[in-house]
Amino acid sequence: MGGDADGSKDSKQLSPRPPQRMSIVSAVLFFLIAFFIGSQMMNLMGGTQQTDTLVTSEFVQAVEQGRVENVVYDAGSYTVSGQYYPAATAGSTAADAYNKAFESLNAQMESALGADAGVETQTLETQSLGELRNYTSTYVGQDSLMQLLSQYPDIQYTVQLPNGLLDTLLSFLPMLLLIGVMIFFFVQMNKANNSQMSFGKAKAKEYTVDHPDVKFSDVAGEDEAVEELQEIKDFLTDPQKYQALGAKIPRGCLLVGPPGTGKTLLARAVAGEAQVPFFSISGSEFVEMFVGVGASRVRSLFKQAKEAAPAIIFIDEIDAVGRQRGAGLGGGHDEREQTLNQLLVEMDGFEKNDAVVLIAATNRVDVLDPALLRPGRFDRQIVVDAPDVRGREKILEVHAKNKPLGPDVDLQRIAKLTSGMTGADLMNLMNEAALLTARRNKKIIGMAEVNESMERLMAGPERKNRVMNEKTRKIIAYHESGHALVGHLLPNADPVHKITIVPRGMALGYTMSIPDEDKFLVSRNEMVDDLAVFMGGRVAEEIFCGDITTGASNDLERATKQARKMVTSYGMSDALGQQTFGQPNHEVFLGRDYGNTQDYSPETAQRIDEEVARLMKEAHDTAYKILSEHADQMHLMAEVLLERETVDGAACDALLDNTWDEYLAKEKAGLIGKDASGITVEVSADQAHGATEESASGAPSDSAASGEPAAPAASEAPEAPGASAAPAKPEPQRPPMPPSDGERK
């Protein structure tokens, strides 16, 4: 630990700055500077010959003296260029003239004064009189230049004609390039200034009339919420109808509900139905790294909406900025509080003719500031809860519109089996069924695929590759049989639909218990029976396996939590009376407790623990009594599970009713079959006789005739891997208890 501490200290002292990426502007500027410096260095170091600029008289004098080697005349720019000798050099016309002059002078002096009176001369050489250099000069008039050069035929003469438009463009190219670079830098600087100044502008997305994404017809199972929002839409489109009665527009509408119930979908439906501009923004988009940006964006958002009035503003997850203010950590000058204060001012500052409605969504209404929830700001709070059985059926119909369903798919039955599921869960269920159908290379979604998808969502995917020894399989079989038998024999427990020891997800097996109808209240007797069902697996291990395992850990955890809630939250303890204990700080819809404030004495806490222990012991004793009295039936159930791995439908009922021998006789007589979803059912003698004749005649079955492979029977599922924990029994949703997707081990 000392090394870690030293390392962290060094990292704080010597932490380097993260590398910064070079922007395009910096790269271009760096390239231009490097190019300029490089060109200057090439001119200084690399060039051996320099060009001399001569005036016209100097050029003419050099021609007359014979110091010009060649002339190139540019008729477009009236310039001459070429090579010349700055001084007379050997071999040139000028050098020969000088040498002849000295020779003539010597001859004259010798004739007049004698042979020794001459001047010693030396032939001019290149090494002593200079080198060939480049020159350029201006000379107007091609005719006069040709007349001058005609006197000196030894000089090479060339005329360069102008290229017209190309030369003109090339002459303007440096200037155009410079202007382009200046414009580029100006635009980049303008963008940088705009990006800095745009921090305070709202990032809301505007949906106009031409953007009908979702309609109210696409929202099912939330008729009350649709009715409330329909009224707001009508007020914006036809306000005179309500103003004639003295009604005022609702300034705010808060959609409250657990995740996945369709709050955002309702807002999208309003955007699709309302013939007015719709501004959508998330609550987290108001917060930035700079202080004051959130309040500025609130002002910008409402300014845009007022300019486009009548309009609708939708803020998703408003709890990100609308949390309750306090004088604790952060004080009253927190960035989030500034944003909330500005939001309160804007909502309360509407004028009567400002037809702007604010719709917000949250699943944490308990943490919102009271000033935000008062009438005049959010006049309406619409609860968008999990749908009931009829709502689930309508939602399934919506998600089944574009899917080819087989005739065996019963949406009403699926709705009854999916108690507690939200709209998002049902959408995922139908999508998983479609994916499973495609995986099986089928073209029509059948009930078997829907049931498989339902179990996948409740308990997880089937673990086909997990191998368990016989001892582990035996423990799981008795564990699940204990859950199922206790749940079947207790009058207030939910009916058992399926028992399996095939691992799914984190569970080695599970018992599926689903209520026959939606329950909105849970009685004490039902909760007491549920405690006994939780303990059924552990008690079965005690009685029939000779030892207990870690498989019941989740059972004990859930049972203890429920027993403590019965004592502290629901007032279901005779010893402590009708009162609650502790002030929970929890999420209302997310169902998660972060802590309780203990407002009772240590003696009361001890009594609470004693009551919880009493409830757990009574549940254990109840399960122990039931399983001890039905030991033979438990052995039979475990034996059948070890043989078939999964029992459901009629087979499950026969095991639980202790009529397995009669079931085997019917199965042998052909009176037991499977429906389209793969569930075991009893068939009549006529149906069994017809199936026998069809099999004897070789007629294809319905699935074979349609070219689809038959769905595998649930009891024929391959052996799946086990886990380090024991099986689980899924607990259906029972308000006010949080929903559970099945016990995971």
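Glycine is no exception: its Cβ is also placed from the backbone N, Cα and C atoms.
Per TrEMBL, the features are:
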TRANSMEM  20-38  transmembrane segment
TRANSMEM  165-187  transmembrane segment
DOMAIN    249-388  domain 'AAA+ ATPase'
BINDING   G257, P258, P259, G260, T261, G262, K263, T264  ATP binding site
BINDING   H479, H483, D555  Zn(2+) binding site
ACT_SITE  E480  active site
REGION    686-745  region 'Disordered'
COMPBIAS  693-728  compositional bias 'Low complexity'
COMPBIAS  729-739  compositional bias 'Pro residues'
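In terms of local Cβ density within 10 Å, E480 ranks first among the recorded positions E480, D555. The average pLDDT for the domain 'AAA+ ATPase' (249-388) in the predicted structure is 81. T264 (ATP binding site) sits 40 Å from H483 (Zn(2+) binding site), taking the C-alpha atoms as the reference points. Secondary structure of the domain 'AAA+ ATPase' (249-388), assigned with DSSP and counted as helix (H, G, I), strand (E, B) and coil, comes to 54 helix, 29 strand, 57 coil.
Neighbour density around each Cβ, counted as other Cβ atoms within 10 Å, peaks among the binding-site residues P258, P259, G260, G262 at G262. Closest in space to G260 (ATP binding site), of the recorded positions given as H479, E480, H483, D555, is D555, taking the CA atom of each residue.
Taking the Cα of H483 (Zn(2+) binding site) as the reference point, the closest of the binding-site residues G257, P258, G262, K263 is P258. Sequence-ordered, the extra residues of this chain that approach the ATP site, with Cβ no more than 8 Å from the Cβ center of G257, P258, P259, G260, T261, G262, K263, T264, are A361, N363, V384, T422, G423, A424.
In this structure, the residue listed as 'active site' is part of a helix by DSSP.
Here the candidates are the recorded positions H479, E480, D555. The one whose C-alpha lies nearest to that of G262 (ATP binding site) is D555.
Here the Cβ of G257 (ATP binding site) has 22 other Cβ atoms within 10 Å, regardless of which shown protein chain they belong to. Distance from the CA of D555 (Zn(2+) binding site) to the CA of P258 (ATP binding site) is 25 Å.
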